[in-house]
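These notes concern the structure reproduced below.
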Amino acid sequence: MVAFGVPGLNWNVPLGRRDGNVSSAAEANSNLPPPSANFDSVKNLFAGKGFNVRELVVLSGSHTIGVAHCRTIQSRLYNFSSTEATDPALRKAFARSLKRQCPFGDTTTVIKMDQSTIIDKWNREYFENVLDGKGLFISDNALLTTFQGRHIVDEMEEHDSPFTPEFAAAMSKMSQIGVLTGSQGQIRANCRLVN
């Protein structure tokens, strides 16, 4: 069982997985959708790893905790399109708050992913925020641009939603992507470090 110091968040992780001999942040990031991605781009990236749209939406809920760099939302706040400086999908008060935290040109400041809480708290609030125009990334808002995505966001936002158990199942599934076998890679003594 894995837990990350966030109450209510844990899932089973099989032991003995073989990992690569090299860790590369650039390689890891290339497997993540960019914050500016539209729905089709995110969907295709997830489908390429064997995930369906429901799992895509559920895994996006991880944005309920953690941080983002201001550089990831600069274009959304200041240069969205030729006709709109700020993304009109953002609630106006939320956009003003983000601009105070991330002034034009700021690429180094780190801000909370979930702006509605003081501390990281695992809950379904991410989905409430997305529905309310308070998703931090363009890719968050993109979940609402298709009927299927919107329907799943609506479902995950409900009080008795299956968000946490479905997230745990999707994370367990993610741990099975690209498993090395035989003499490939290594079984790490500490999963965060190459032996």
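Cβ coordinates are placed from backbone N, Cα and C, and glycine is handled just like the others.
Automatic, uncurated: that is what TrEMBL annotation is.
Going by TrEMBL, these are the annotated features:
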type	residues	note
BINDING	Pro33	substrate binding site
BINDING	His63	heme b binding site
BINDING	Thr64, Asp114, Thr117	Ca(2+) binding site
DISULFID	Cys70-Cys102	disulfide bond
DOMAIN	1-195	domain 'Plant heme peroxidase family profile'
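Here the features listed in TrEMBL are placed on the structure.
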{"residue": "Pro33", "record": "substrate binding site", "Cβ neighbours (10 Å)": "20"}
{"residue": "His63", "record": "heme b binding site", "Cβ neighbours (10 Å)": "20"}
{"residue": "Thr64", "record": "Ca(2+) binding site", "Cβ neighbours (10 Å)": "24"}
{"residue": "Cys70", "record": "disulfide bond", "Cβ neighbours (10 Å)": "19"}
{"residue": "Cys102", "record": "disulfide bond", "Cβ neighbours (10 Å)": "24"}
{"residue": "Asp114", "record": "Ca(2+) binding site", "Cβ neighbours (10 Å)": "22"}
{"residue": "Thr117", "record": "Ca(2+) binding site", "Cβ neighbours (10 Å)": "14"}
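Excluding Thr64, Asp114, Thr117, which define the Ca(2+) site, the same chain contributes His63, Ile65, Lys112, Met113, Gln115, Ser116, Asp120, Lys121, Asn123, Glu125, Tyr126, Asn129 within 8 Å (Cβ to the Cβ centroid), listed in sequence order.
For Thr117 (Ca(2+) binding site), the nearest neighbour among the listed recorded positions (Pro33, His63, Cys70), judged by C-alpha distance, is His63.
When pLDDT is averaged over the domain 'Plant heme peroxidase family profile' (1-195), the result is 90. Measuring Cα to Cα from Asp114 (Ca(2+) binding site), the recorded positions that fall within 10 Å are His63, out of Pro33, His63, Cys102.
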